[in-house]
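Novice: My structure is below; once you've seen it, I'll send some questions.
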């Protein structure tokens with residue numbers, strides 16, 4: 001049966017003249033507890049987590065430094081079910097052909113694909129408008145949302161105008177809410193060092209100029225992390241070995257079938273390199289498997305020179321929340337065979353072959369000689385001291401001579417603040433030094449202090465005399481200061497309880513425009529916003545408020561503190577009511 005709202009009426013057999021009496025309406029959903037359903041999930045604990053759980057944890061940061069924050073999915077609150085059903089009725093598919101669209105609503109692959117398009121605002125005036133510019137005027141900084149409910153309610157209240165603004169985790173979290181609400185088991189997945197392969201060649205090209213600046217010469221990019229969804233259902237179109245977890249992605253990255261939607265791509269198909277199967281497998285395969293090529297590009301001559309290539313860089317620490325616990329579970333092995341193993345390389349070749357990339361000459365690809373060349377020196381950036389926003393960052397460049405003769409190099413260094421997609425926002429610092437490296441294992445160190453934003457990319461391009469260039473880079477994500485929640489006393493239904501939130505300004509300047517946002521299902525209705533007075537350097541703030549819980553059980557309280565210097569300082573606490 002198709003999901004959605006049904007009218008139920010009764011007709012009396014004896015009186016053929018009377019019109020049927022309405023008994024009301026009901027909503028039919030997918031049923032993961034029923035073995036006959038496409039979304040049947042045999043494990044009860046998984047049903048609890050992936051359909052009924054309204055709280056989640058989303059992973060972010062970068063591969064060297066995994067961070068996490070809580071999210072209120074809130075799929076069973078207030079008006080959410082009605083809003084989810086109206087998303088289906090506002091989709092392009094429904095507008096083009098309502099009868100056919102509705103007739104396909106018994107199929108989770110169809111519903112998942114349509115909703116992956118509707119969660120982003122592109123094409124169809126969908127729910128959330130993306131913004132990766134670093135400037136969020138006219139809307140809300142994507143980092144400051146704490147739940148999907150406010151976003152979905154705002155979309156409806158505004159007459160279905162896209163809500164400003166989202167980035168990948170916002171799209172993924174909203175899609176989780178909508179699919180769980182409709183009965184499709186769904187979870188968020190974070191992929192670290194995620195490739196955005198815009199031209200479909202399973203290769204990501206990055207270009208740097210002679211000064212070490214990251215050039216925006218291609219639509220390809222490597223994101224510090226990217227968040228998408230997995231939903232659980234059978235694939236009658238592909239066969240039983242492709243059933244189970246399916247990748248859906250509502251972040252508008254590339255068009256599929258003419259609009260911004262992605263999936264469902266069978267996770268098993270991705271692991272086995274079966275990139276010729278529906279839907280969007282080549283794009284998802286590249287997100288976790290693409291090879292990286294780093295080039296030096298000279299704008300004057302338009303000449304590009306390969307600096308290095310890496311085949312193990314992309315798709316690391318693929319993460320999701322554990323079932324029934326607030327821990328991280330690594331699912332990388334479910335997406336690919338072990339990096340560097342022959343099986344993994346065989347799958348990569350198989351995927352290239354299926355996409356017709358093995359047989360055709362690619363003029364943009366490096367030559368085997370370029371790929372095999374060996375550098376004379378190696379380098380890395382080390383970070384000394386704490387990685388905290390507002391504190392100076394001690395950066396150390398360590399260079400080593402790998403050869404048995406003296407090497408000299410000119411080293412051009414830059415640091416840029418970036419968005420998590422590694423899109424540069426503004427230059428923080430640059431410098432240039434000449435170094436002479438004695439033979440074998442001798443080190444030169446260069447130290448620099450930086451005062452920066454949350455995410456920065458540091459690059460050193462080393463021009464070695466008589467040798468190939470060496471690129472040293474590191475992406476650094478800085479920690480926000482801590483914020484603490486204390487629940488004062490025991491939480492009981494319909495009884496007032498005091499909560500205290502404590503925050504200390506860690507930087508040596510005043511912070512202004514401070515706002516605390518609080519939400520939590522069954523603990524308070526809607527969102528509580530508290531204006532907090534400015535805080536001087538190192539000043540501690542204690543913010544107290546009252547709650548009246550209205551349901552028993554374990555509940556999550558989420559807080560978000562923002563001010564002119566910090567976008568989103570988040571934490572959550574489990575409150576047993």
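The count begins at 1 with the first shown residue.
Cβ atoms are placed via backbone N, Cα and C, with glycine included.
Automatic prediction, not curation, is the source of TrEMBL annotations.
Summarising the annotation, TrEMBL assigns domain 'Transglutaminase-like' to 160-252. Annotated active site per TrEMBL: 168, 226, 249, in sequence order. Annotation comment: TrEMBL describes 289, 291, 339, 344 as Ca(2+) binding site.
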Novice: Would you count the other C-beta atoms found within 10 angstroms of the C-beta of residue 249 (active site) for me?
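Specialist: There are 30 such Cβ atoms around residue 249 (active site).
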Novice: Within 10 Å of its Cβ, which one of these binding-site residues (291, 339) has the largest number of other Cβ atoms?
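Specialist: Of the binding-site residues 291, 339, the most buried by Cβ count within 10 Å is 291.
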Novice: Between the active-site residues 168, 226, 249, which lies closest to residue 344 (Ca(2+) binding site), Cα to Cα?
Specialist: 226
Novice: Between the Cα atoms of residue 289 (Ca(2+) binding site) and residue 226 (active site), find the distance and write it as a whole number of Å.
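Specialist: One finds 14 Å between the Cα atoms of these residues.
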Novice: Sorry to bug you, but what's the C-alpha spacing from residue 226 (active site) to residue 168 (active site), rounded to the closest Å?
Specialist: 6
Novice: Looking only at the domain 'Transglutaminase-like' (160-252), what are its DSSP counts of helix, strand and coil residues?
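Specialist: Within the domain 'Transglutaminase-like' (160-252) the tally stands at 17 helix, 41 strand, 35 coil.
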Novice: Within the chain of residue 226 (active site), which residues six or more apart in sequence place their C-beta under 8 angstroms from its C-beta?
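Specialist: 168, 190, 191, 194, 196, 251, 287 - these are the non-local Cβ neighbours of residue 226 (active site), listed in sequence order.
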Novice: Between the recorded positions 168, 289, 344, where is the Cβ count within 10 Å the lowest?
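Specialist: Each of the recorded positions 168, 289, 344 was scored by Cβ atoms within 10 Å; lowest is 344.
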